[in-house]
Amino acid sequence: MSYDYHQNWGRDGGPRSSGGGYGGSYGGSHGGGHGGNRGSGGGGGGGGGRGGRGRHPGHLKGREIGLWYAKKQGQKNKEAERQERAVVHMDERREEQIVQLLHSVQTKNDKDEEAQISWFAPEDHGYGTEAPAENKPNSVKNVEHQEKKMINQEKRPFRIRDKYIDRDSEYLLQENEPDATLDQQLLEDLQKKKTDLRYIEMQRFREKLPSYGMQKELVNMIDNHQVTVISGETGCGKTTQVTQFILDNYIERGKGSACRIVCTQPRRISAISVAERVAAERAESCGNGNSTGYQIRLQSRLPRKQGSILYCTTGIILQWLQSDPHLSSVSHIVLDEIHERNLQSDVLMTVVKDLLSYRPDLKVVLMSATLNAEKFSEYFGNCPMIHIPGFTFPVVEYLLEDIIEKIRYVPEQKEHRSQFKKGFMQGHVNRQEKEEKEAIYKERWPGYLRELRQRYSASTVDVVEMMDDEKVDLNLIAALIRYIVLEEEDGAILVFLPGWDNISTLHDLLMSQVMFKSDKFIIIPLHSLMPTVNQTQVFKRTPPGVRKIVIATNIAETSITIDDVVYVIDGGKIKETHFDTQNNISTMSAEWVSKANAKQRKGRAGRVQPGHCYHLYNSLRASLLDDYQLPEILRTPLEELCLQIKILRLGGIAHFLSRLMDPPSNEAVLLSIKHLMELNALDKQEELTPLGVHLARLPVEPHIGKMILFGALFCCLDPVLTIAASLSFKDPFVIPLGKEKVADARRKELAKDTKSDHLTVVNAFKGWEKAKQRGFRYEKDYCWEYFLSSNTLQMLHNMKGQFAEHLLGAGFVSSRNPQDPESNINSDNEKIIKAVICAGLYPKVAKIRLNLGKKRKMVKVYTKTDGVVAIHPKSVNVEQTEFNYNWLIYHLKMRTSSIYLYDCTEVSPYCLLFFGGDISIQKDNDQETIAVDEWIIFQSPARIAHLVKELRKELDILLQEKIESPHPVDWKDTKSRDCAVLSAIIDLIKTQEKATPRNLPPRFQDGYYS
């Protein structure tokens, strides 16, 4: 439908024929229309009635008075909010240009009447240009569906087949044909090794491992069964030895070329360290075409293609499956550490289970800690199990009552706290089993205390009774460390705490004591926020007479091994993220450890000599701990996984997820599908849209993927890739203990006046690149000055390269260089980058309101679903009061003690109008408004609102075409529709000033605002 805008829309706002419609109301409310508007104001003034001067009417009593004042306050707040609304306006020159542009584009296209799908709103939130689907005849719906299906099939070659395949992918897709010459060569190499001194020395070590004595038994079981479960304690050698047993057995039988083993690891650090260890045991270097190598995201040292062992992260196999659904070149797949139950390994188990019938020759080995091996065997049709005994020294365990009795601990503050306030129901994790256990705990408490009095001193029982077990008692830990240092033998101490705050506080507590300030102690905090330079000290043995104290999160349970630990202090809590499907919010809280966690922690103490493990919970609590942590799939959003299921062609999302070992709830699955439909990544048949295909191929969650695509389309690629990498990995800032305030100040310095955590990371990254170009010393000084991790920055740099490869392969850019000038025409414009952030992260929007009722200026922040929320203390916006606009876009919202926005960026009205949800034009009494999803509301003259809405429609059409057939925008072709529409939108975003009633152009400043 084409408009002659000057014919249909008068300069004063409404259709010429509408008389008192838009035109009349515009004149009445803004053009000095004193009658209606002022009259209503006067009428409202008398509303106080008999109360006089705004007091309540005299006939009201009790609760009625309170309700009257509440209603009055609500009206006052609503009016204040109306007056604070930003005004969307444009000068006459731009208005004229956009009218001409729209007229030209719409005439040129002579658009067909088929409704366009909005990228930013659910399909049923159209712009009102098409009858709702439910009102259409079935025959019409069927024809439309078939047409769409045919279009999609025609475009499939573009979408499914990436143009670019990297070296690692080529390696993975290599065919595995038997090769007699290679078989002989591998056999000769293995025989030769047996005379190599390095190999012989390593062999002596291997022979001492419990797994080595079971070599024949293990190999026979794997040979004779398609699936085998191997369980074993830490230190038994299952991860390093089982793969070697299989490979050497094949080589010795003259079938080495037919053996290609892939072993998955849950973490990057373990994939690398295990591969390097196995290579060393085989007297080889890791990778370089030898027998053993690794592949993790953005890093690989690949082994030879046949007769080899590849250690890789679980995500690598899932990506591999996209190109080779049957893993046809793999002879053995070993899934290690499956007891951890992370999301990817649970999914891979189900995929592999389905694969067994297609690949009867494929051997599957599942490796787990001892505790739950039976469950995995049952899942794979009661396949055989074999157990390898552990190799640890005995460890003496102490529970809370033992510790208090042993060190005669008395809390400083003797305040009785309710034992039953939360108990097992830590945070907001509403699980029935937790509630049931809490009820049992409460019921058994009196009997437990009676039993304690028979075995422990009265003072110990009194302390146990008074302690608040919701909190980790850091004073008790400090006292226990002091006791170990003074009374026990030498040996490193490892303390497990739930999070950064506890680690930081305990460190300060120890350093406040003169004893720990001496050079006889090395205290090392171990956390992802800590600089990695400090953390390398963890692995170094200390000189005689020096005691190492490591304060860590659960990263020290399995990911790393600290050899010299003799004493473990188990704080009893672990930070867990959960997803509340009812309120659509992530929550993070300190939960009680599981029995499996406790066992792992205990095992850390007995690796080199007999050890001691101190658990900071009582024996009643110990008896009620869960066997394992809740599997990740039951406590995380599922959007990224749903896209993976579709790209791997695993069938219906709900059907596939229902077959997992622990299926997620229907609510969680439906919520994720709904979000993906709103994002236009899935259609109503739950099939991938063209956008969905691109998002599924990007190794990030969907909102970040969408941001990456927009960064390419709007030619601000480099900064947007920096933001995307940091959101999907982590930001590069570190917080050394004792330097928190200085670190915060440096971060704010990098923020400049952007009012954006995301642009702060961009500025930090740019500074690092410049420093790096000048040399290593400058890079080191820069990172030191601004509290940045050079390792993390390097990882972000590598990830940006990977994202650019994906974009090149899909056709969105013409170079794999993130800094290619053609992809960065708008990269210096902060407002355009903010618009792209908004395009990716919408609808994660928060509203800012200035709170003037306080003595000092403050802002309150709200979201649509949560009401009042808080900006996280680490955000650069936490103390900000001078915002240009009233809206923030954020990535992570999480409930801990409060609901926090962890990162946010201030965005302008045009960002939200062009890249937000469904647009509607409304009237709010005397105010003309334009709204996004009916809650983000701006003042706007009707003619401007209609121009914006039409321009937005053109943008949606253009974007849909770009996604279906990607190619870079040709900015030199200024006459092209693409260039004209995008340039007009960019121009509006770039030139938008702070648009509140205080700084409007003269034609807006009239009686309404004075």
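Easy rule for this one: first residue shown is 1, then count along the chain.
Each residue, glycine too, has its Cβ placed from N, Cα and C.
Which of 56-78, 953-975 counts as region 'DSM (DHX36-specific motif)' depends on Swiss-Prot, and there it is 56-78. Your range for motif 'DEAH box', going by Swiss-Prot and the list 104-107, 336-339, 920-923, is 336-339. The motif 'Nuclear localization signal' annotation in Swiss-Prot falls on one of the ranges 399-410, 519-530, 639-650, namely 519-530.
According to DSSP, HIS339 (Mg(2+) binding site) sits within a helical segment. When pLDDT values are averaged over the domain 'Helicase C-terminal' (479-649), the model yields 85. GLU337 (Mg(2+) binding site) and ALA605 (ATP binding site) have their C-alpha atoms 20 Å apart, to the nearest angstrom.
Of the listed binding-site residues, namely HIS339, ARG607, the sparsest CB environment within 10 A is found at ARG607. Rounded to a whole value, the Cα-Cα separation of THR239 (ATP binding site) and HIS339 (Mg(2+) binding site) is 14 Å.
Long-range Cβ neighbours of ALA605 (ATP binding site) (same chain, at least 6 residues apart, Cβ-Cβ under 8 Å): VAL395, LEU494, VAL565, VAL566, TYR567, VAL568, GLY611, HIS612, CYS613.
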